[in-house]
């Protein structure tokens with residue numbers, strides 16, 4: 001796929017670590033329009049299929065003593081449910097389906113992206129940016145709807161000395177608006193960097209002397225990436241919970 | 001790498017992530033995906049898993065309660081058994097005592113009856129012995145009279161009547 005995009009090269013090392021992230025139409029070579037069926041479409045559809053298989057078909061028997069797939073689905077459910085309940089409290093539980101949706105989408109996308117030749121949808125800032133902005137907007141609107149102007153108390157640190165409060169408020173406001181940026185770039189950056197590094201190591205494998213080391217490095221990176229995939233999905237979800245808690249209970 | 005530069009520039013500085021021409025496509029498909037996932041989760045998967053978990057928790061609670069109940073029943077049954085055993089022992093003791101007393105009464109009665117019978121028999125026996133003694137005495141007198149008659153008739157035949165001999169023998173025997 002890499003050589004296709006760049007044309008054949010005359011020997012030597014071939015590094016195209018970023019080619020794996022190119023969005024391209026699945027059928028034909030036309031431009032990428034809004035509704036063009038692209039590799040993004042394919043891998044997001046696979047994400048949906050995986051989630052349905054795991055959470056819907058996996059639990060179709062509704063067994064009291066769960067099968068393997070059912071216990072995985074129950075584990076996911078219990079994990080996210082407990083996280084939402086612990087972080088946001090009882091009144092945050094009604095937002096559990098939204099957080100579960102985000103968590104499952106990111107988790108499954110991350111893991112699907114680890115398949116060889118796969119396209120990692122969550123490595124794109126467009127995707128994670130939309131996810132983060134959705135969380136940011138939802139949380140901000142919810143905060144004002146639930147607390148009215150009291151939501152601004154989030155920026156007014158009442159426990160600090162009065163002289164410091166305006167400065168702290170400024171810092172709080174900046175940090176509040178930086179949230180979606182860090183929220184999205186953290187996920188996209190983690191996914192992109194790991195995949196790119198693996199590709200770079202793979203490029204080195206062309207040199208016979210280095211290839212054993214390269215394979216070893218790829219293996220190690222792959223293990224790390226599996227860890228990162230799970231952790232980043234967890235981090236995204238728990239930060240969403242934290243922001244949600246701020247919206248529901250803005251007082252520090 | 002130098003030969004690539006031209007092409008890399010064409011692909012928006014080598015970062016497909018910053019190729020804004022694909023953003024609308026990604027965002028459209030992302031939103032569709034999220035909506036689909038959200039509906040699948042909120043309509044089907046999450047209620048189902050939640051109900052299964054609740055059902056399991058209920059079953060476990062019920063089972064524990066049932067086990068507690070059965071344990072209590074077992075304890076009760078054991079207590080009842082112990083009590084029944086103690087009652088049975090007491091009852092058995094009472095019955096043994098009663099029976100002993102009844103037997104004692106019967107025995108006393110039987111002994112008394114036997115004693116009475118023995119006494120009656122003894123009295124009868126004594127009477128019989130007395131009768132025998134009397135009849136023996138009478139016989140002796142008769143024999144003595146007969147012998148006296150014989151002797152008298154032998155000594156002085158036809159001279160002395162039987163009456164006087166009898167009277168004499170009777171007088172002699174009384175004396």
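Placement of Cβ uses the backbone N, Cα and C atoms for every residue, glycine included.
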### Task
Tell me which range among A:66-87, A:198-219 TrEMBL lists as transmembrane segment.
A:198-219
### Task
For the transmembrane segment (A:226-245), find every same-chain residue at least 6 residues outside the stretch whose CB is under 8 Å from a CB in it, and list them.
80, 83-84, 87-89, 92, 95, 99, 102-103, 106-107, 110-111, 113-114, 122, 131, 135-136, 139, 142, 179, 183, 186-187, 190-191, 194
### Query
Same-chain Cβ contacts of the transmembrane segment (A:40-58) under 8 Å, 6 or more residues past its ends?
23, 26, 67, 69-70, 72-73, 76-77, 104-105, 108-109, 112-113, 118-121, 124, 127
